[in-house]
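Look at Swiss-Prot and you will find S57, V58, G59, G60, N61, G62, K63, T64 tagged as ATP binding site.
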Amino acid sequence: MFFWYQNHVIAKLLVWLLFPFSLVFWFISVIRRRLFRLNWLKSYRSPVPVLIVGNLSVGGNGKTPVTIWLVKQFQSRGIKVGVISRGYGSRAEYYPYLVKIDDNPTISGDEPLLIAQRTGVPVCISPNRQQAIELLLAQFNCDLIISDDGLQHYKLQRDFEIVVIDGERVFGNGFVMPAGPLRELPNRLAEVDLIINNGKLTGYSNTLMLLLPKFAVNLVSGEKKLLRDFQRIPLNAIAGIGYPQRFFNMLRDFALTLEKTQSFQDHQDFDAVHFSYFSSNQPLFMTEKDAVKCRPFAQANWWYVPVEADIQGEEVERFMQVVSQQIKEKK
């Protein structure tokens with residue numbers, strides 16, 4: 001919500017109006033987690049290690065690029081990975097559902113489809129994470145399960161936890177939902193194995209992730225062009241991600257001229273009507289996550305910008321070694 005990251009009078013008023021509800025949310029969350037830790041509520045232990053990639057706050061913090069980066073890193077170490085996701089926005093006829101790389105994103109969800117296309121590993125979506133893991137292990141020889149999101153899904157026991165923090169917005173006003181963006185308070189960070197800062201260091205760790213664009217890809221032809229090839233052309237841009245401004249800022253950092261921009265809600269289900277606002281004579285840029293949903297009605301001058309995560313820091317290398325060693329020992 002807009003007021004989570006603002007400091008004007010109306011934002012403060014909304015915070016205090018919603019604060020009693022935040023107290024209730026926080027209390028229920030604390031009690032619920034305590035019941036899981038005491039085994040009063042049942043949880044599932046996977047026969048292979050589980051790594052959770054999550055966050056403390058609502059909205060796009062960069063979990064999916066981290067998941068893709070992790071999969072590729074473990075693949076380079078000879079570790080077979082399976083990915084599970086709740087599949088937010090998916091409308092599969094049944095669950096658990098194994099994502100196919102040519103799926104319609106309305107069936108699989110945009111992020112699971114993107115992970116499957118970028119990595120080639122098996123991806124299974126289901127609100128029931130246990131069923132997703134069991135299906136993956138029944139059909140694939142996985143050494144490691146990575147859960148894209150699910151830090152607060154305590155029905156699933158985990159061996160490792162990664163939290164991704166938005167380096168620009170961090171934790172907003174610092175309140176838990178609905179007065180603020182937090183699902184859990186920052187003291188939860190003391191319990192996780194690795195903290196990754198997206199874009200800027202925050203003081204919570206020295207591990208930094210940069211999302212590096214290399215080129216633009218045409219949605220119709222597949223042609224690739226360097227971003228600098230568009231520097232003298234007025235462009236339009238859309239983004240249906242958790243923090244659209246990050247995408248627009250990235251394009252401007254490459255000296256691209258954005259004439260019109262349009263932000264959509266995260267996981268927006270696009271159709272051609274959403275783009276009637278833009279001139280068909282100008283290039284339209286979008287994220288790769290948005291592109292998987294726009295291909296059926298894409299025009300000849302629509303482009304998406306894939307990014308590669310570059311994660312730096314001694315902590316991440318130590319983390320990778322610890323996880324790899326545990327997997328080898330379990331084998």
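For all residues, glycine too, the Cβ spot is worked out from N, Cα and C.
Other Cβ atoms within 10 Å of the Cβ of G59 (ATP binding site) number 16 in total over all chains. Summarising the environment of T64 (ATP binding site), the number of other Cβ atoms within 10 Å of its Cβ, over all protein chains shown, is 24. Applying an 8 A CB threshold to same-chain residues 6+ apart, the list for G62 (ATP binding site) reads V164, D166, I196, N198, G199, M209, L211, A309. According to its DSSP assignment, S57 (ATP binding site) is in a strand. Secondary structure at K63 (ATP binding site), taken from DSSP and collapsed to helix, strand or coil, is helix.
The Cβ centroid of S57, V58, G59, G60, N61, G62, K63, T64 marks the ATP site; residues of that chain outside this set whose Cβ lies within 8 Å of it are N55, V164, D166, G242, Y243, given in sequence order.
A simple Cβ count within 10 Å picks out one of the binding-site residues S57, N61 as the most packed, and that one is N61.
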